[in-house]
Amino acid sequence: MARAEGDSWDVASSVGATAAMVAAGRAVATRDPRGLIDDPYAAPLVRAVGIEFFTKVADGEFDITELDPSSAAEMQARIDEMALRTRFFDDYFLASTAGGIRQVVILASGLDSRAYRLPWPDGTVVYEIDQPAVIDFKTSILAGIGAEPTAERRTVAIDLREDWPAALRVAGFDSAAPTAWCAEGLLIYLPPEAQDLLFDNVTALSAAGSTVATEYVPGILNFDAEKARAASAQMRERGLDLDMPSLVYHGERKHVMEYLTSLGWTMAGLPRTDLFAKHGVPMVAHDNDPLGEIVYVSGTYQNR
């Protein structure tokens, strides 16, 4: 079903289900002996969501490369990318806090468990923003397995299409303190104008020295829905009915690096191929990837 203005979801439906997909990828990467990431909470969260396909992937009962044996190497590269994407944002947060930042905001936090698994410095406050059903689910499941945050975790249960800056302030956010902002895997699910508004708000809330990290997805401009549906069909044959093309907003939008630069941020980009090379992971060309050559971007706010 296509997206609609004001649509909502939980962790097992629509955009919410993509959080389980990403968490399943983190669970697979956590078992990988290369040790690119360590997310002990990914698999328990996926199991709790209850989508059988993702549970089997997370628990190692189904090898995702078997979806299409003719392109097993490409499928492995997709799993590797999930691990490396996670590692990119992990490293970003660790670098930001090493530089003295003690206020963190994770936009559309989904099943992200960084507030529980990263070694945050004393005094760090991590704000998680997402829809109420998603926040409540994750909080309940992690409490149920005895997980405890490694920073002061403050949840902001609100849709990003609503007045989240006001809700963030109510939760105790200090706009006078530098902040590490993260918008991981989010932008393709926002209309172009909402993407701009998101970063307008982030900038308005940022003190000098704040940092930001997100992705630039060039393929969303000329999004190939047929390629995406072909990939969805492979999963549907395994019992997963998730129509990814209907969840994303494609078409022309502003280049996120250029837009943030225009707002006073000093930005840098790391193309996907360079991210793989940085960690010594072989890169297989994604000939059928409808999202194109993703660039991971980060930067620092210079002026207010």
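Glycine residues also receive a Cβ, built from the backbone N, Cα and C atoms like all the rest.
Note that the structure is predicted; figures quoted are calculated from it, not measured.
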Legend entry - Candidate sharing the S-adenosyl-L-methionine site with Asp159, Leu160 (per Swiss-Prot), from Asp122, Asp130, Asp196: Asp130
Inset, instruction - Write out, in the order they occur in the sequence, the residues of the chain not among Asp130, Asp159, Leu160 that have a C-beta within 8 Å of the mean position of the C-beta atoms of the recorded S-adenosyl-L-methionine site. - result: Leu107, Ala108, Ile129, Gln131, Ile158, Arg161, Glu162, Trp164
Legend entry - DSSP three-state assignment (helix, strand or coil) for Leu160 (S-adenosyl-L-methionine binding site): coil
Legend entry - Site extent for S-adenosyl-L-methionine, whole Å (max Cα pair distance, Asp130, Asp159, Leu160): 7
Legend entry - DSSP state at Asp130 (S-adenosyl-L-methionine binding site), helix/strand/coil: strand
